[in-house]
Amino acid sequence: MGTFDSQCHECFESKERWYEIGPTDLLERKGSLTLRSHHKKYSEPVLVYSWHRNREAFPKDYDIESLETVKNLCMSTYKRFGSDSPRWMSEAREQMAQVLVNKDLVEKKKTGLLDEETLCPGILERDPELPPTGFRDVPMESPPDPRKPCFSTTYSEDFTPQYEYPPPACPRREEYSIVHRKCRSQFTDLNGSKRLGINTWHDESGIYANSEAKQKLYALARNPIVPF
């Protein structure tokens, strides 16, 4: 029993010393975190899970310190790496570049309506004292009737009537009458603010806006009953 206890004690002491000292090849072991390691260089994958392995997302020929200027496409993970074509452009950058490519977005220069090429000498040579002969002439002054040019059309100038037709028998009345206009009732309609008088909410006088016009109209017709 004594020999067994002594052996166990020596074994525990040796393990404690080994934990205190640590592994002897720490600085030369592959994959260590020190810069003296020859297996992996201190780069982006360090301090990440499974950092001692090669990343699958990186292309196989991605080597910054490589002296080869031409990439080997057979070893690349993606076909895009190592090609001589221009770099990819993001969608936002492509849309912002439309200002320089799209002609519709370019600022347009404003040009005058009349210049040396488009100016007709007949406009300046026309005598303003001559009477106008039609709608095709440029009026130098405003006509006496402002609405006369609105009724002058190509159809009325080219297709003139053969006969002089008499005016209509019943001419249109120019006066505007409010006799037959229905007013808001003071008794049957609901109370509202659109009323005449001092008290606009309770106006029961029976006098409306067209009462005077109705009295004049029905007085000529000799109607004894004058409606309100």
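Backbone N, Cα and C define each Cβ position, glycine as well.
Keep in mind it's a predicted model, so treat the numbers as computed, not measured.
The topological domain 'Extracellular' annotation in Swiss-Prot covers 1-122.
If you look up Swiss-Prot, you'll see 123-147 marked as region 'Disordered'.
Residues annotated as transmembrane segment in Swiss-Prot, with sequence analysis given as evidence: 123-139.
The topological domain 'Cytoplasmic' annotation in Swiss-Prot covers 140-228 and rests on sequence analysis.
Under the heading region 'Mn', Swiss-Prot lists 152-162.
When the region 'Mn' (152-162) is classified with DSSP, helix, strand and coil residues number 5 helix, 0 strand, 6 coil.
Confidence in the region 'Mn' (152-162), given as mean pLDDT, stands at 78.
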